[in-house]
């Protein structure tokens, strides 16, 4: 059933490895680009959500979830390299013995580092615009950041796990579809599902925290709070990519 899609997963992983082998700088730049794209999505989502949030409307999160979907389209079609998707791509390809686990670890670390750099860079750029100076504009973003720093590590881990399961599927399922319209709709639908569900995405959180920390924020939004969130969320994202996606589809397709 997933044969052709899994072949594409393997091809993408090997293509990424080739980019890394030929130029580590180019690979990291693609990772930086991915989190910048997510930064655009976070900006659009938080500003859209703020209009409803300030009016105490229940549509704040649904509106933000819809607009955030633009981020995955920019990554998929704009050449970004996202750590969370790579957890699936490289795990599956490594299990197929087409790439070494050592290279897999290097690729994961490089994409994660690039994503972090991109998140910080975008936060610096967006804070320089002054667009988040007014509380009426940044209140929803701060609310998101505060809310993400509150749960215990165990809950954040499982929210991260379920999130990346959906995100990996958002990249994987469209590989079996025909027509760009169907692919675009599917990707945005899956991203809407993870956002509206309250799941945690490590790279999206990087962007949320980076922007929140650079603009006027309350004492409840701290760098340590961001770190305490990102560690379990990243581990949860990694677990989903390795086990729920990479290992699962390798096991379901032993003759692939």
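Just so it is clear, glycine is given a Cβ too, placed from its N, Cα and C backbone atoms.
Taken from Swiss-Prot, the feature transmembrane segment applies to 32-52, 59-79, 112-132, 156-176, 184-204, 207-227, 230-250.
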Same-chain residues at least 6 beyond the ends of the transmembrane segment (230-250) whose Cβ lies under 8 Å from its Cβ atoms: 2, 6, 9, 83-88, 90-92, 94-96, 108, 112, 153-154, 156-165, 167-169, 172, 200-202, 205-206, 209, 256
Cβ-Cβ under 8 Å with the transmembrane segment (32-52): same-chain residues at least 6 beyond its ends: 58-61, 63-72, 74-75, 78-82, 111, 114-119, 121-123, 126, 131, 136-141, 144, 195, 203-204, 206-208, 211
For the transmembrane segment (59-79): best-contacting stretch of 112-132, 156-176, 207-227, by Cβ pairs under 8 Å: 156-176
Beyond the flanks of the transmembrane segment (207-227) by at least 6 residues, Cβ under 8 Å: 35, 38-39, 42-43, 46, 119-120, 122-124, 126-127, 132-133, 135, 138, 141-142, 144-146, 148-149
